[in-house]
Amino acid sequence: MAMNDINDSISIFVAIIVIFCVFRWLLGTTPQQPTRARRTTSNTSRNRPRAVTPEMVETVCTMFPNIPPAAIQYDLQKTGSVEITCDNILQNGGLPLPPPAVIPTLGVPSTSQASSSSTSTDADSQRSLIDKYKLQEAVDRGFVPTDPPKKWEATPEKRQELLQLKKDAMVLMARERYLTQQKKASASKENETTSTVSTVSTSSLTGNNYSQINPDDESELRRRQILEATERRWSKEVNK
């Protein structure tokens, strides 16, 4: 009888331990599944290429024409921001080229959309970089930067100062290139407008002159036209 009680107690104890282990395993694995799912989702969203427009690539190309457009788009797909990509160029001195398997291709937008979007994006990017690197005072003074000396400083402080000078010079030179392009575009538009207005004015004046001819002068005008036609015909005959 005593042995049966001992065996029953052992069985109950073992059953309790097994039940405890099962509950512990269930409670331990259930919360991990959503966590793993969240991690997988976050990693997938982080690794997914971001949408890049041709205007974003054109903005960075305008500021840094020595960087290949393929490298710019590849970095924009990872950052999703023109400012961050420009900051990467300033910090690293360039951008790595994409692997051959992922060389990006861009569609060509319409001219009006590209010009308007590119102008607004360029201006916003220039402003954000100038504010970020605190170059507004240099812009107000009309400071024209020069390339900093290419040398290796002895102390970390000097190297950091030289790196900052290079960043400032690149931002200011990019701004100068942007302003030069805008001036050329404005001058081209003004020339087109002027030529159009001149053509319209000439045609309107010619029309007004013919409309203002008096009836008495019509015979004189016809006589001159006949005379000119005769002279042209005579010239052709002589040339033959």
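The count begins at 1 with the first shown residue.
Cβ coordinates come from backbone N, Cα and C, glycine included.
These numbers come from a predicted model, not from an experiment.
These features come from TrEMBL:
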- 6-27: transmembrane segment (TRANSMEM)
- 32-52: region 'Disordered' (REGION)
- 32-46: compositional bias 'Low complexity' (COMPBIAS)
- 52-95: domain 'CUE' (DOMAIN)
- 101-128: region 'Disordered' (REGION)
- 110-123: compositional bias 'Low complexity' (COMPBIAS)
- 182-224: region 'Disordered' (REGION)
- 193-204: compositional bias 'Low complexity' (COMPBIAS)
- 205-214: compositional bias 'Polar residues' (COMPBIAS)
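DSSP labels the residues of the domain 'CUE' (52-95) in these numbers: 32 helix, 0 strand, 12 coil.
Within the model, the domain 'CUE' (52-95) shows a mean pLDDT value of 88, rounded to a whole number.
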